[in-house]
Amino acid sequence: MFAVSIVPRTTSCRLSSAFLCQLSIPLTLRLHHHYQHHQPHLPSPLSFQIHSLRKQIDMAAQGGDSYEEALAALSSLITKRSRADKSNKGDRFELVFDYLKLLDLEEDILKMNVIHVAGTKGKGSTCTFTESIIRNYGFRTGLFTSPHLIDVRERFRLDGVDISEEKFLGYFWWCYNRLKERTNEEIPMPTYFRFLALLAFKIFAAEEVDAAILEVGLGGKFDATNAVQKPVVCGISSLGYDHMEILGDTLGKIAGEKAGIFKLGVPAFTVPQPDEAMRVLEEKASETEVNLEVVQPLTARLLSGQKLGLDGEHQYVNAGLAVSLASIWLQQIGKLEVPSRTQMSILPEKFIKGLATASLQGRAQVVPDQYTESRTSGDLVFYLDGAHSPESMEACAKWFSVAVKGDNQSGSSGHLVNGSAGSSHDKWSNETCEQILLFNCMSVRDPNLLLPHLKNMCAKYGVNFKKALFVPNMSVYHKVGTAADLPENDPQVDLSWQFTLQKVWESLVQSERDGEKDGESDGNSEVFTSLPMAIKCLRDTVHESSSATRFQVLVTGSLHLVGDVLRLIRK
């Protein structure tokens, strides 16, 4: 299932004449500009440049429908079946290679210099760090991640920036129309994520990126991104229990699925893993003649006083993996000399800059609420993290606890995390701050695992929630739409899952009270019929507060929920 929500559009967008003109600039002029401004860019043969240019012009000519029409077409590819339901023949993995052939991408994908990353948690952050490092060396990068939080174009970054709406439309309709014309009963239209992966391949091929960094969507072995047969290097981020209905109910089985991205003789890196998972990774590496190296977390010393662009102690694990992945790519493809970490007292300057400037929404992100900031003496700050597994929930709780304590002592509402500005209020003491939980998770998750990990880790750091709010997501899983498509309040919404979450939370609170533990106990909880109502309640609480109180709201349990909150508070 996919939560899919897009920033609102007020007008239909078509390919502009400027974009079409760019495609029709004389080839010699474009090539001169290309080499002048991208010196490290790896040149392709002239014939390939001409071929690529013609394909782009053809692509643009076939486009032209509005953004909303593209989203509607994309929505038609979303299946309402469970991910674990393999009854549909359209789910067969080998179909991915048929689609590549239909889109004439077979040769293009062989030429791509791919970094392929799987894992349970941290793979998106690892890919983001890796892309930022390589881009800081002057190479042209393409980054494919999932899910998106606000706009589907977030999944496709070119040189660190979301693909433009114009280019997205051109590439989208080129792929969609061609597949519509060429698919049949035996080779049906690809499902939602597979289409997006194919679209990424098309975008990166046409844009001639030097490095394509691909995050696995689910698992590894049968993921659409695994159509890449000869990546430059592979990475496995931290493993844990997630998607067990698909990947298996043991860490060994899950590790086996993730290791499905290993390719014969292609170097691979992973981070320290539980023993069961590591044994399987090593077995799979041996079977595929892969040199698998375990990378230790990055240390602050190597960063020469700089902070990582993504906050949280767990990001040092992801950054360590990213450094190894980027190093191999720069050595093999960039033909640069990069010393090994054991030889470094500090990282090279461009590595440090890449790690420090990396950004990814919805991961350890701090966003002060601008609406309340200018209207009240109080303060409302959102701490957003899309954690949705027991292990990532603990990491999220640790980050939140450390962040709120540091923010309350320093008087800021968060360091500049992922581009969020701090508050202008003066110093806050712990006595004038209240922590609130805003939570939802998908019904395939087990709240009896997630909520105790979250609550206990926060309590360990002396952070107790004054209140817990449970809400349904605004996003719908069967449609890619705009904000205008989403009702702010649906009286018919089924809240049975939210009441289940509340019951689990209340039982945790009650057991704590019965145990008469020291410290302040967590307070009451409430279920809201919609997320906008919950946000309004939070803002009203700040407005009605008789004292200057900072309300620190942890939003977690689902990246879809995080995306919905970001969209609402930035309206």
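Positions of Cβ are set from backbone N, Cα and C atoms, glycine also.
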Determine which of Asp91, Asp98, Asp151, Asp385 appears in Swiss-Prot for the same ATP site as Gly122, Lys123, Gly124, Ser125, Arg363.
Asp385
Using Ser146 (Mg(2+) 1 binding site) as the reference point, find which of the binding-site residues Gly122, Lys123, Gly124, Ser125, Arg363 has the shortest Cα-to-Cα distance to it.
Gly124
Looking only at Gly122, Gly124, which of these binding-site residues has the biggest number of Cβ atoms within 10 Å around its Cβ?
Gly122
Which of these binding-site residues has the least crowded Cβ, counting other Cβ atoms within 10 Å: Ser125, Ser146?
Ser146
List the other residues in this chain whose Cβ sits within 8 Å of the Cβ centroid of the ATP site residues Gly122, Lys123, Gly124, Ser125, Arg363, Asp385, in sequence order.
Lys121, Thr126, Thr128, Leu310, Gln315, Asn318, Leu360, Gly386, Ser392
Listed ATP-binding residues Gly122, Lys123, Gly124, Ser125, Arg363, Asp385 - what's their greatest C-alpha to C-alpha distance in Å?
14
